[in-house]
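Taken straight from TrEMBL:
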ACT_SITE  A:294  active site, proton donor
ACT_SITE  A:373  active site, proton acceptor
ACT_SITE  A:401  active site, proton acceptor
DOMAIN    A:8-130  domain 'Alpha glucuronidase N-terminal'
DOMAIN    A:134-461  domain 'Glycosyl hydrolase family 67 catalytic'
DOMAIN    A:462-684  domain 'Glycosyl hydrolase family 67 C-terminal'
């Protein structure tokens, strides 16, 4: 197995520019590290590995600096490292770096670059930051940086199953499990921890939110010793371990006959379970719960609501400082397609809004970015901003379930940015989603980001080499939502492919264009779905149209789209605060890209773009294919500038994407030509 | 496990009418049997079991008759049974009963009912025939019957896999296999042999035509001892065993690097294989082969045609008297839906017609009844009558893959009758398909019927209690295609449920109406499909519309159907002889029920019925649901007249059918209302 894709953005290729080598080497005489903390040891090892690779030298670790040779000191402000104290003096504590932030300062006088932090985790993040600066070509001669993460919870969700499969995984099998056991060799888990920590993440739920039979026993002695082994690996990278739990665990394990959250035995069961867990994993993060959703058990079985359900677990975890992360993805998945009044989009808000204020302080509601399910385009969930008295966090999906499954390139950071920058008007204009999820808007006690991972045991982790950028970008954005999608793309590209400017500009351009291109040849104007049932790959316009999943487009011979207005539709638009409710609810003001999510319109309806809906469909689908073909050509121009393995691997996927985009184009165009009877104005081939 | 469903049409319930008991008992003083043949022993055991059950007496077997007491003598004309000789005298051999026919004669003078035949198989069929007469209430006082099967091959095809699954099986797992082995307890196989023999069948291929990895080894020493065990069971019931073989066996077993039929090593390999097989199973029937079809290997790989491919196997089997049954289900299953010229319906004819005359005498082409794949309605395959110089046989599917999967009642005998009664005009008017497949039209050396079984390890064999009638009916029709569907239905009903006339008339009426009802709420006017991909159950109008399988309806906002005319379409209609070619190819003369198979027409096209196509769709779908609901009501009226187990089991299925019919109705009506924009003239609810 080649290591090129495996090392991802931590390749740290040897610097080749002589002046650059000299500039960095000046500060790399030694590494000064004095603290015994496990995480600082990790930081030191990372710094050593990174610098040695880039410079081709050996970096000695010392406890103090020989005057004259430039050194890098790492440590906590109060940890007794004299070099740290010398550079930051008393100011360290005043820098307000918080539990995870760091300061980096180049002190010309002492010849030291110091990475200081209040806690070891900050030191680790500071080391990764410095390495990133060096690898991307920044000057380190005059550093004076203070960084702290904007979000306190920066989490990844693994949808891995104990049988080794990964639900919605498109990059191989699980790196955690195989054959109904936890792998004995966890080397790869450690390497994953490095990737996560280096992008700024600090929490992981290691099993699928759909907790099946065997995984129900993760919280029992059958699996706990191995889970603790995994927790130990992540702990070294300052990452807290969470578990997804089965709400019916007391029943499924055969110990009780109910899982009613108000039942005394059930409460006692979970309390005992929490005690047992924390004995084995003292810094255990808590539970991630999918309840009463898509056939999973939950409090509804007992006539209780989700506040009852989650608070019971939260009480059990409270003495240990644990959290309950409770997913809001609750809807009727057995809808009758004939019933046009029930609207899946309404479900999360309808379920959770009335419960605001009833959740304990250590419960967090995890809300998917949109009201449906990670489509290429949906509006932002109206729950963001609607729960002032309830901790909330964001859920994204890095795994491209509906966005090309790592066969198509779809760089998702621009989409996530749009979500985060959405104005909820919760406290007047300028009440952005990012301020809801970072906790600042309502003073949440806990909040942040979660996202479904896109990695598996493929050699390069993510299948498509370029979709590593989504994992990296997610971490960076969770750390700081103000970073631009382009800046993250460029950073990732330089770390991954080095400094060839032609490569950088091409790859950044491919990444930045990809979401829009993918959208253009798939479901139009925010209507979503149109994918093959179950596996969700490839076009099937009516794939879900007559099914129970509540995901319809209602296309007939005259028009299409879902009327979600208050006036004549399902009323979903009314779940937003004004002016959003009116903007979405009014045909004239609804943005084109969400038109069919909110309105049922004739094919001849004229968009703000000046095109009719039907012509927009034809045009975007023809253009999307041309753009997908252009992506392939652009990539192919990089031949010789990128390692042959990655070049070939990504090239094959771009070729597949270009071909598959044609299938999308032809099926959607044909479907709508047949249905509408309206010809393409440009008379292109539609079958 | 209750035995009621398990015994099927061999229940032989005790007679209750005193006069009837007396009438039968008069002839049941003893059974006279003198021959040692295994099949005659079977016949004797069946006669004993059947009579003892119906009369509640013990039937003694003797070698001669005590004068005065009425007896039943069974035996071959030349077998030395004096009672047989006494009744038939010299005339036995002149009755022309053939290898499998029989004569039954009541000889009042001697007090003997004699069942005589040339061969033991005929004796067995004669016994089943007599039992059937008694069980259905016929008088046996003056019998003088001569019967011989119209078709020489009357075969059943099991699509059973060694892992225990049954491809397109809707009645449980395999009765032959489990866990990649042949079952050690084959009791159920023997009971299946009884069912088959009693309905007149004489051949079975015991494994799926899609021969997977393990099944490839059926023709090796790994499985042959167990296969021989199965052959032994069927031999006792005069049923020959065939095996489906993998065309690439020489490669897959690792012994050769090619399966080229013209390669000397390949020929030698199969010759040796045949020798080995016949050593273990001296009366082995031969091979059933699916080649170059749906990703199965075949001669095309080597640039050979199907004559080359099958003749090579036939040569290997020839010295042993074995047959090669070669399936004509060959088509391109990777079609591009954009390509409207390629027509799957044409494929079998296009492949095989040019090869007529090139096949060896022990090769038989097995042709599906229609050009597509066992749809509820398709035209008859134009290959029937087009191969005067090639042995042909019919392939039906008893398993209701596309006709309700044993959840819906669909009695298929009326459909099969239509196929058999179709006039091919191969030798002028009156050249019916039944005369092609019985071999009489062209003097085929071998010919007959095959059908895919519908049984599994469900308690009652077929899942839906009433679909036993399809298995029984198939056997009876293979024996004599002149039997009417209604007569078979009544015979089966009386054997299964006894003589309650209300039960008989209700069940016969349910059976006889069921095909038409199923057709009415599913795909309209011969267009076919509209089922969910892969499992083929339930409605999905566009399920195959944009796929590679070549099964389209081309519905747009103006009309639907496939233009298969010579003038403007794929030319399929031209594969028929005149006048069929013109009848089908001309819009005005094409029968309504096949209109959309042959023509693409506007929704407003007026059928011979006087209705427009769109109104026909609406009407039949509303009516079909009403009829399905009526079936449930009719069945429920039988409460108390039928054993409670069967009553409940079938009742549940009728209820499910009525409910599922609504889903069909609503999806198809909604699809076409949305697509056509034309309202229902009766303004019924369409969603």
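Cβ atoms here come from the backbone N, Cα and C positions, even for glycine.
Unlike curated records, TrEMBL annotations are generated automatically.
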Go through A:294, A:373, A:401, our active-site residues, and report the one whose Cβ sees the most other Cβ atoms within 10 Å.
A:401
Express the distance between the Cα positions of residue A:401 (active site, proton acceptor) and residue A:373 (active site, proton acceptor) as a whole number of Å.
9
What are the DSSP helix, strand and coil residue counts for the domain 'Alpha glucuronidase N-terminal' (A:8-130)?
51 helix, 25 strand, 47 coil
Fill in the CA-CA distance, residue A:373 (active site, proton acceptor) to residue A:294 (active site, proton donor), as an integer in Å.
12
Overall pLDDT of the domain 'Alpha glucuronidase N-terminal' (A:8-130), taken as the mean:
93
